[in-house]
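A.B. asks: I have a structure here, written as structure tokens, and I will follow up with some questions on it.
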Amino acid sequence: MAEVSLSHVSKGFGATQALLDVTLTIPDGAFVVLLGPTGAGKTTTLRLIAGLERPDGGDIVIDGESVVNDTPAQRDVAMVFQQYSLYPHLSVRDNLAFPLRSPVINMPEPEITRRVQAVAEALRIGHKLDNKATALSGGEMQRVSIGRALVRQPRIYLMDEPLSSLDAKLRADLRVELKRIHAELGATFLYVTHDQIEAMTMATHVGVLDQGRLVQFGTPRQIYEDPVSSYVASRLGQPRITLLPAGSFGHGAPAGAVQMGLRPEHILIGEGQPATVRRVERLGDQTRLHLAFGPHEIVTLADPHTLLGTGDTIAICPQNPLWFDAGGNRI
Amino acid sequence: MSAYSVTEPSRASKSIAAVLVVVYAIITLLPLLWIISTGFKSGPDSISYPPRVLFEPSLEGYVNLFTTRTRIGAEQFAALPPPETWYDKIVRQSGTVIAGQSRFGERFMNSVIIGFGSTALSIFLGTLAAYAFSRFKVPLKDDLLFFILSTRMMPPIAVAIPIYLMYRELGLSDTHLGMILLYTAVNISLAVWLLKGFIDEIPREYEEAALIDGYTRFQAFRKVVLPQAATGIASTAIFCLIFAWNEYAFAVLLTSGNAQTAPPFIPTIIGVGGQDWPAVAAGATLFLLPVMIFTILLRKHLLRGITFGAVRK
């Protein structure tokens, strides 16, 4: 387990700049989640740390030593890919044992058997050990590839949307399982996801990438409650933050504010200005209201048992909204 | 009434397809069957008209293929002790005696050495080159690949004379090594292009996973890429072997006493003691076997290719 830090790392692929001057420290034992839309540079960050790509500039340090000239094998990292994860010509058992049989680790067979069994049981694939990798369902395949990372004790676990292809129940189970492994091993994780729940529940730190730049790094609460820009604010929150012109509710905007950001908790229902209910989405544990407010649409939450229906008019007013300037930066 | 299905062919169309396949198989296999049966005919049966479909099988063709025979005077022939072996007996029936071994066995072995040797070398070099072209940034990659392909654009025999002169200078004429190198040079373009196609299909993520799992690039190639390229390697090997095995023109031109392969040898059988069609047919039959066996042995890999791929898409 180790601290991993990137300093001023840049990487381009032809004309596209995948990462630009990224400086980031992943503390020892942290669970860092990278957020950002497709193309923001999340996967590139993982591949640079793994050694599958060479940075154009900057330094990558693991455990106090620069690794930019090391091969992936020398870096002692484990990575779970989003797909194409298993060696199709090997059985599940051999897939899991593959890293342990590498010349770098070269573990004795009895120890390999023991470890593989333990990991397989933790991921509930023990009964599939002798199956061909190709004979598994998508969820099982992905559990095996997570298992292949877990049989080792690498300095850092790199995971590229490992749960995105799984069904909701399995995703929830594995989320808990990964969190447990993180807590038990004290391992360092760098984890890429689009999923807000994964980010909020598993992360100790969240990094938000925008077109190759790291725009904010902090705890999940900081990212959610104290975003530096409207871009960061849009990354987290379900329903997403609503951005309105600063003067939508009249007075109250600070100097320079161009936009106001309203999360559901920033909208007080029952007083203020009228809005029309366009649609009511009952999700069970929450009920979302799509409101027409003048020319704008606002999505907010209501009491799960609300009696409101389409066409009703309610009064809303903002409460401590987030303010952003013309460049989208927080005021 | 059964429901109409778009994916499942109807019973009638299945039967039609089966009939067509069987008819096609008979048409293509008939010449082959004729050659195999001619190999077991006696000399007169092989040239009788109308042709004989049913005949008394004889090993005369095979015996003649492996021996040279000579005709001796009648009183000498009568004075011979009784034949010692079954093949002596067969030869005596046509009024001749065995003078020695023919060179067929030797030529056949030459074919095996040169055919399999050049196939192995083509596959070895072709796989490494195809992997490099598929995975690495090779300067002038497209031009190099085109150059490799362009060696196939004219008939190889067009360069026969330069190669003949070159081989004479280098002392490669009529040597096994010379023929292996020559057939490899012809086959390598095919091997590189075919194998590059197969390796391109293998996602890089597999090797990248192996690199992170602690393996070197070469170990990842050996343990992850090669097993998955087995299908491609098997089919490429079959193509290479078929070319090297059947090649005639260069073999006639460049080999004689030492490294001559079977294709230029078989026609010479005709000249030995009249038109010995059963012997020619026997030689052709034996000549067919290695490629057939090789293909059957590799069939497992060819079929496995279809069920391959732990790919989530």
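Using the three backbone atoms N, Cα and C, a Cβ is placed for every residue, glycine included.
Annotations for this protein, taken from TrEMBL, read as follows:
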{"type": "DOMAIN", "residues": "B:108-298", "note": "domain 'ABC transmembrane type-1'"}
{"type": "TRANSMEM", "residues": "B:16-36", "note": "transmembrane segment"}
{"type": "TRANSMEM", "residues": "B:112-132", "note": "transmembrane segment"}
{"type": "TRANSMEM", "residues": "B:144-165", "note": "transmembrane segment"}
{"type": "TRANSMEM", "residues": "B:177-195", "note": "transmembrane segment"}
{"type": "TRANSMEM", "residues": "B:224-245", "note": "transmembrane segment"}
{"type": "TRANSMEM", "residues": "B:277-298", "note": "transmembrane segment"}
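Would you situate these features in the structure and describe their surroundings?
C.D. replies: Beyond the ends of the transmembrane segment (B:16-36), by six or more residues, the same chain brings 9, 281, 284-285, 288 to within a C-beta distance below 8 angstroms of the stretch.
Listed by sequence, the residues of this chain that lie at least six past the ends of the transmembrane segment (B:144-165) yet keep a Cβ under 8 A from its Cβ atoms are 129, 133, 138, 173, 182, 185-186, 188-190, 192-193, 196, 249-250, 253-254.
Below 8 angstroms of C-beta separation, residues 113-115, 117-119, 121-123, 125-127, 129-131, 133, 145, 148-149, 151-152, 156, 163, 167, 170, 229, 232-233, 235-236, 239-240, 243-244, 247, 250-251, 254-255, 259, 261 of the same chain, each at least six residues beyond the ends of the transmembrane segment (B:177-195), sit close to that stretch.
Within the same chain, residues 32, 35-36, 38-43, 46-47, 58, 60-62, 64-65, 104, 108, 111-112, 115, 234-235, 237-238, 241-242, 245, 262-263, 265-267, 269-270 sit at least 6 positions outside the transmembrane segment (B:277-298) and bring their C-beta atoms closer than 8 Å to a C-beta of that stretch.
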A.B. asks: Near the transmembrane segment (B:112-132), which same-chain residues lie under 8 Å Cβ to Cβ, leaving out any that are not at least 6 residues past its ends?
C.D. replies: 138, 148, 176, 179-184, 187-188, 190-196, 198-199, 221, 225-226, 229, 233, 236-237, 240-241, 244-245, 259, 261, 290
